[in-house]
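All remarks here apply to the structure that follows.
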Amino acid sequence: MGDPAPARQSDFIFLVALRDPAGIFELVEVVGNGTYGQVYKGRHVKTGQLAAIKVMDVTEDEEEEIKQEINMLKKYSHHRNIATYYGAFIKKSPPGNDDQLWLVMEFCGAGSVTDLVKNTKGNALKEDCIAYICREILRGLAHLHAHKVIHRDIKGQNVLLTENAEVKLVDFGVSAQLDRTVGRRNTFIGTPYWMAPEVIACDENPDATYDYRSDIWSLGITAIEMAEGAPPLCDMHPMRALFLIPRNPPPRLKSKKWSKKFTDFIDTCLIKTYLSRPPTEQLLKFPFIRDQPTERQVRIQLKDHIDRSRKKRGEKEETEYEYSGSEEEDDSHGEEGEPSSIMNVPGESTLRREFLRLQQENKSNSEALKQQQQLQQQQQRDPEAHIKHLLHQRQRRIEEQKEERRRVEEQQRREREQRKLQEKEQQRRLEDMQALRREEERRQAEREQEYKRKQLEEQRQSERLQRQLQQEHAYLNSQKQQQQQQQQQQQQQQQQILPGDRKPLYHYGRGINPADKPAWAREVEERARMNKQQNSPLAKTKPSSAGPEPPIPQASPSPPGPLSQTPPMQRPVEPQEGPHKSLVAHRVPLKPYAAPVPRSQSLQDQPTRNLAAFPASHDPDPAAVPTPTATPSARGAVIRQNSDPTSEGPGPSPNPPSWVRPDNEAPPKVPQRTSSIATALNTSGAGGSRPAQAVRARPRSNSAWQIYLQRRAERGTPKPPGPPAQPPGPPNTSSNPDLRRSDPGWERSDSVLPASHGHLPQAGSLERNRNRVGASTKLDSSPVLSPGNKAKPEDHRSRPGRPADFVLLKERTLDEAPKPPKKAMDYSSSSEEVESSEDEEEEGDGEPSEGSRDTPGGRSDGDTDSVSTMVVHDVEEVSGTQPSYGGGTMVVQRTPEEERSLLLADSNGYTNLPDVVQPSHSPTENSQGQSPPTKDGGGDYQSRGLVKAPGKSSFTMFVDLGIYQPGGSGDTIPITALVGGEGGRLDQLQFDVRKGSVVNVNPTNTRAHSETPEIRKYKKRFNSEILCAALWGVNLLVGTENGLMLLDRSGQGKVYGLIGRRRFQQMDVLEGLNLLITISGKRNKLRVYYLSWLRNKILHNDPEVEKKQGWTTVGDMEGCGHYRVVKYERIKFLVIALKNSVEVYAWAPKPYHKFMAFKSFADLPHRPLLVDLTVEEGQRLKVIYGSSAGFHAVDVDSGNSYDIYIPVHIQSQITPHAIVFLPNTDGMEMLLCYEDEGVYVNTYGRIIKDVVLQWGEMPTSVAYICSNQIMGWGEKAIEIRSVETGHLDGVFMHKRAQRLKFLCERNDKVFFASVRSGGSSQVYFMTLNRNCIMNW
C-alpha cells in the first residue's frame, strides 16, 4: 500500500484477496451504514494508513449482490472521482455463523457533502464550490456511464471529500450494469428524495423503464441540497415523497440570490421526461460547469472551508464523517430513538487523537513522494549513492515500523490497563452495593424479628387477660344462676324446674364469709352492687339520655388482684362516647323484611320470637330455642355487656319499658327498593373444585345453660321452653374495660342459618343498608341446623382473601318460586347510594362509617374476641336454567387462635389478599388526621383477609343469566358480602401493620381457573387528576395534570417521577421505536420522548444519555386535541386532530427515524374532537373524525370531506366517545359511539345494522378491548358489551357514584382511574382472565 499508483495498489491487494484480515487491517469505529453492511474506519496495521472498510455477512441470499459490488469496484474504481477499491478479505466466523467479507476502499477523511453543508453557516455552500463539486460528480458519472453503469443513488451522503478537497463517488451497492441489448432498467432502488420520476414509475408501472440519465436528476437534487441544506420534500414522509415527485412539477431554487447559470443548470437537470434530459457529456459543457475559476483556487477555498467545518464538527460530534446507505431498516427490533446512530466505543478520544496523527502522517507521506521522485532522478546519475540511500531508507523504515509497533503496543497496553481499572471499579461498586443490600436485608430481618417478638408478647398478655376474664365470667355465671333461681321462686311465672344435680363452677355464695373470698371476687361483687343500683326502671326507660358512667374505683382495702397488676399501657383504654354511638351491635334480622334496629337500641329490645325465623336446633324440642351467645361479627365486633352480668334476671320485667316493642306488634318491613335491581350470577362448582371444609369451631367449655340442657337431654327430662330475654344493660361505657369481653368459655357452635320462607332483600340493597340494619349480631348460641334442614356444602376453590377453611354453604328456599332472570341490559343505575361498603378512609371522607360507631372506639391491647363472624349472602343454583333467588346465609366464625394466625399471616407479608395492597411493617402517618383507635374498619377487610375478590366490595358484578349458562368448572361467586358493622378493632399492632402498604403487583391468584373478572386497585394516591396512561413493558406510565410518573408494577409498586410541571393529556408507547408519543404541555404540543432517556432518569446509568435532549416535537403543531397511531402492515401512521384541521404523519425508519408529514387537511367544516384512520380493502386511506355535530370522513387521496353520521334526533351538541372498526370488514364498517348511544355504519355513511347500542347511563369513557368487546365507564356502573351486536355481557355496579376514566388495555388487563372530588386519583385494573369474560 505504500505505492501511490492506484492500479498497482489494487493489484497488490487483489493478490492477497480472500485472506483473513487479521494482522493486515483493524477496525477503529463505525462511521455509517452501507446498503449491505456497516462501514468502519479502519487502519492498516503496518503503515497506520486509514481506509474505509465495509463489513458484510456472506450469505447465500446476498452472494450475487456482493459479487456484483466487488466486480463493479474492481473494474470501475480506477478513476480520480471514484473511491479506490483496495481489496477484499474473508474473516472466518465460528461454525453456525456467517463469515464476514471485508471490502477495503479509499478513506475520505473530510466527510460527505451533506456533512459539509450541515456544518456551514446558513446550511448553504458558495456557488463556486457547488459548481466544482457538480463538475467532479459529472466526471465520475461520465466514467460510469461510458461503461454503461448507472449509479442510481447519487446524493450528498454518497459524495465524499478527501483532505485535499478531491471529490469521490461511493456506494456502488445499488449500481447496475446496463444490458447491452435492452439498455434500460426497470428495478426500484434508491433514496426517495433524490429519486427520478421515471425510477419511481417503475414501481407503479412494470412496463416503465429508465436509463443512465436518472443519475442526472439526482445530481440536480444534490445541487439543490448544497444550495438550500436539504433536498425538496425532505419534511415529507418518504412514501408521500414517492407519491408527489412524479406528480409535482420539477422543483426550483427558492432563493433569488443564485445566478442565472446555476438556475438554468438545475432546470436542465430536472427535466421530468428523461428522454429530453441531456447526458453527462453535454452537461460538462454547460456554462455553469465550464466557466469556473481555476481548479487550484477553488480547491484551496474548499479545503479551508473543510478545515473550519471539521473544527466545528469536532466540537459538536464525535465522528469524522458518516457513510449512509439507502436502506429502510425494519424498526421492530428495539431501535434507539436518538437521532445519531454512531456507536460509542471505549477510548474514543484516544482514537480521535490517533486519527489526527495519522492524517498528519498522510501529509508527510505526500511530501515523501516528492522526495522519492527526486531520489529517482539522482538514481540515474549516481547508482552507488542511490544504493546506499536505499539501504539507509530501508533501515529508517524498519526503525519507524518498530517505533510504530511499539506505540501501538503501548496504546493497547494502556487500553487494557484502563479496561482492567474500569472492571475493578465496577466490581468494587457491585460489591459495595451487595454489602449495602445484605446490610439492609439484615436490618429488615432484625426489624421483622423484633416485630414478631413484640407481637408474641402482646399475644401472651392478651391470653393472660383472657384467663382473668374466664375466672370473672365463671364467678359471674354462678352469681347469675343464683339470682335466676331466687327470682323464679319469687315470681312463680314458670315451672320450677331446678337443676338439682348442677353445681356452679365457683361456690362463692353470699353465705360465705367475705374475708374467705379472693380479691377479684369481692371486687366483682362490689361492681355488681353498684351496677344493680343503676338498673332501676327509671334508668331503663331513658337509655338514650344516659351519659357516660364514671369509672368506679376499686375498694382500697382489697389487696391487688390480677387485674390491678396489669400494666396501665396494656389495658384497653376506650373513649367514652355519646348515646348516639351505642356500644351494643345488633342482631341481623334474617326473617324476611325484619325491622332494622336503631343503633341506640340494645339487643334485648327485640323479643325472642324474632328467633322464629331460624329453624330448630338439634334439640328434639322445637319450641326450646336457646338464646344465642355473644357472637361477634367477622369485622371483629365484640358484643359486650356494659353492666354487671349478675344483674341479668331470668325473665323480663313485669312492667316492660315503653321502648320495648309489644309482642303483638308486627315488625315493620324494610322498604322495597325500586331501582338497582341486580340480576344474580350463578355458576356451578363441580369440576376442578376441592371438597368444602367444615367451618371450624374450637369450643373450650360449655356455658352453664348448655351444660344444663345437655344433662336434661341425657336424663330425658323435659326442658324449659327457653331462657327468657335478658334485660338490657345501660348503653354507656362500662367502668371496667376488662369486663367488656365475651365469655371465652361459652360454647361457640358454627352453623349455617338457612333463609326463611320469605324473600330476603336483594343483595345489593342489604349491602348498601348494612349500617342501617346493624349487621353485627349478638347470639347466645348459634342455632344448629336439624338434619332435615342442614344446607348442603358446595365444593369451591379457595379464593384470595378467604382462608381455605372458610366455605360458603348455600340454602335454597323451598317455598320460593323461581323468578325469571332479569336482563342485565335493563338494569337501572339511578338509585341513590346511601352508604359505601368501602372504608371511608379510602374514600377520602375522613369520617368513620355508621357501622364503626357501634363500638366504643378501638382497643390497643390485642384482639381477644372469642369469635369473629362474617355473614355472606349468596344465591343458589337450581337445576336447569332457572335460578333461584332465595338468599342463603353463611355465618363464618373464627376463634382467637385463628384470628392470631391470620394476623401473623398478614404481618409476615403473605400474598393471600385479593387486593394488590398488602399490609406493611412500616407505620405511616394516619390519613385524614384520624387517631388509630377510630380508624374506620374498612381496612380490616384487607388486614383480616376478608376483601371481596371482585373489587374489594367497591364494585358489585352482575350479568345477564340468559347469556351465560352455568359452567361445569366455575365456582359460585357471591354477589356481595354483607359484613357486620364495625364492632371491635384490631389491636394497635395490627393497626400499625395495615397503615403502611407494600404493593404486590403480581398477586398469586389461588383460584385455579378463575373465570370471573376481578377489579383491583393500587394503594398509591396521585395528588392530581390522572389524564392518561400507557403500559411500558409491565410497568405503567401515568400522565397527570402535573407531570409524568412511572408505576413500577414489576417490583414493589414504587412510583417514580419522570417529568414535572407539565400536563400530559394523551400518550402511547412504541417500544420497538424507543418512543413515547404524547400530547403535553400548556400548548398541547405533540411531543415524542425517547424511552432510553426516560429509563436513564430512573436508573442513572448512562451519563451520555443525560446530556442529550430527551424529546422532540412532531412538526410545529400546537393545540392538538387528539391523535391516533394506526399500524397498517409495516407502516405506522400518526393522525392528529388540531383546531380546524387534521394532519397525517407516517413513521420513516432509519436513516430518518422520525415521524414525517404525509398529508394535511385544513379548513375542515367541523372541529375534530376524535380522529382515526382506516385502510379500505387494503387500498384506500380514509380519515374518520368525530365532532360536536357527528362523524365525518376525509378521503386521503382526493381530500374530499363528507358526513358519515349526524344524529338528527339530538338537537344539542354531542360528545363523540369512540370510533371502533369492526373486525373482518376490511376497514369498511364501524361502530360510532356518542353520548349514551352507538350506531353501526360503513365508511360511506350507510347504516348497516338496525341496532342502536344503548348504554345504561351516560359514559365518561368508552374503549374497545381485546376480547372483541366494548366497555363503557359511567358514574354508577361499568358495562361490557359485545362490539358486534351491542348486547350487554356484564355490569359492575359501583357502591357509590364516582368518575372513572379509561387509561389503557393489554391482553386481559384493562386499566382505568377514579377521580375524586379533590382531584386525587387512583389506578384500578380489571383482569378479564383467560377467556376474556366469555365464560362467566
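Residue numbers in this text run from 1 along the chain shown.
Backbone N, Cα and C atoms are what each Cβ position is placed from, and that goes for glycine too.
Of the candidates S93, S786, Swiss-Prot marks one as phosphoserine, and that one is S786. Scan Swiss-Prot for phosphoserine across S341, S478, S689, S765 and the hit is S765.
Checking the candidates S556, S782 against Swiss-Prot, the annotation phosphoserine falls on S782.
When you go through S349, S643, S831 in Swiss-Prot, the residue listed as phosphoserine is S643. Cα to Cα, G37 (ATP binding site) and D153 (active site, proton acceptor) are separated by 16 Å. If you measure from the Cα atom of D153 (active site, proton acceptor) to that of V31 (ATP binding site), you get 19 Å. The DSSP secondary structure for D153 (active site, proton acceptor) is coil. According to DSSP, G37 (ATP binding site) is assigned to coil rather than to any helix or strand. Sorting the compositional bias 'Basic and acidic residues' (396-466) by DSSP state (H, G, I as helix; E, B as strand; all else coil) yields 71 helix, 0 strand, 0 coil.
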